[in-house]
Amino acid sequence: MNPGFAWGLVAGLGAAALFGVGAVAQAHAVRRQDERAHGLLAFVRTSVRDPLTLGVVAAYLLGFVLHVVAIWGLPLYLAQATIAVSLPVTAICSMFLGERLHSVHWLAVGLVSAGLVLLAVGSGETGAVFSSAWFAIGMWGGVLALLVAARVGVHWPGSVIAALAGLGYTGSAVAVRGAESADAIGLAAALTVGMYGLLGFWLYSVALDRTPVSSASAPLIVVQTFLPSLIGVVLLGDGVRSGWWPGILVGLVLATSGAVMLGGVGVPVPEGRETTQPSERSA
């Protein structure tokens, strides 16, 4: 294990811890608001006046820096799988919001952890920096497509909105790989990192207001683990240790199935909190 790999793994796990705790704090910040912000700009205006939300943003920014270190030092599928550890962290911390966990939830936590171990053991070399005009154009096209999807899906269920948030964080992770080059194309890709991150944060906030924390986090984790992993191997040249393709596939299946299990079973919403139907709010 080379030092870059080790630092990348530690950074990824540190980012996961920050994202996991931040998700619970974000849910609390969203749910305690008397009035819901409608639309991205209104959400930003409300958030900059809320100290707790600003604290969550600060935690996410630090987590993002650590995640960037992980993306540069690890294959994208492993960097994203480390972020899946944020799901058990979120599940444990969500108990402070009164969302009780049962044996099936702990089984899901174990699956995520086992999958991550397999991915770490089977990972190979990180792919080269990918930077081209088409890459930058594609990243900006993705930003616009996600904005359109958010507007079209204003009344979709929280789990679907969370999956859209996962697309936002997927775009951010992929854009980081193209933002390493110090040229105009790299700058264009770098600008999309913040755009994807903002869209992901906003959509995740909407999802957290509509569904329990763990149930919102599960589809987000699944999307931002599987999709970047596929992109990293197919398009960005991320390698796998010789003979370890089955282990990598099993690891991805275990990590994401644990996330699906946790989201599918759901965590009971604490008593006394009224849930608002998706049709009653706008994204």
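Just so you know, glycine gets a Cβ as well, placed from its N, Cα and C.
Please treat TrEMBL annotations as automatic predictions, because they have not gone through curation.
Residues or ranges marked as transmembrane segment in TrEMBL: 6-30 (among others).
Residues annotated as transmembrane segment in TrEMBL: 51-72 (among others).
If one looks beyond the transmembrane segment (78-97) by at least 6 residues along the same chain, the residues whose Cβ comes under 8 Å of a Cβ in the stretch are 8-9, 12-13, 15-17, 19-21, 23-24, 27-28, 67, 70-71, 105, 108-109, 112-113, 115-116, 119-120, 123, 173, 212-214, 217-218, 221, 224-225, 228-229, 232, 251-252, 255-256, 258-259, 262, 267, 270. Per TrEMBL, the feature transmembrane segment maps to 78-97 (among others).
With a cut-off of 8 Å between Cβ atoms, the residues of this chain six or more beyond the transmembrane segment (104-122) that come close are 9, 77-78, 81-82, 84-85, 87-88, 91, 214, 240-241, 244-245, 247-248, 250-259, 261-262, 265, 267. Taken from TrEMBL, the feature transmembrane segment covers 104-122 (among others).
Here TrEMBL flags 128-148 (among others) as transmembrane segment.
With a threshold of 8 Å between CB atoms, the same-chain residues lying at least 6 positions outside the transmembrane segment (160-179) that come near it are 64, 67-68, 71-72, 76, 79-80, 127, 129-131, 135-136, 139, 142-143, 146, 149-150, 153, 185-187, 189-190, 192-193, 196-204, 206-207, 210-211, 216-224, 227-228, 231-232, 236, 283. If you look up TrEMBL, you'll see 160-179 (among others) marked as transmembrane segment.
Here the transmembrane segment (185-204) has long-range neighbours at 23, 26, 40, 43-44, 57, 60, 64, 131-133, 135-136, 139-140, 142-143, 146-147, 150, 161-162, 164-172, 175-176, 178-179, 216, 220, 283, meaning same-chain residues at least 6 beyond its ends whose C-beta is under 8 angstroms from one of its own. What TrEMBL lists as transmembrane segment is 185-204 (among others).
Here the transmembrane segment (216-237) has Cβ contacts under 8 Å with residues 23, 27, 75-77, 79-81, 83-84, 86-87, 90-91, 127-128, 130, 158-160, 162-163, 165-167, 169-170, 173-174, 177, 204, 207-208, 210, 252, 255-256, 259-264 of the same chain, all six or more residues outside its ends. Annotation source TrEMBL lists transmembrane segment at 216-237 (among others).
Under the heading transmembrane segment, TrEMBL lists 243-267 (among others).
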Same-chain residues at least 6 beyond the ends of the transmembrane segment (51-72) whose Cβ lies under 8 Å from its Cβ atoms: 7-9, 11-12, 14-19, 21-22, 25-26, 28-29, 79, 82-83, 126, 172-173, 176-177, 180, 197, 201
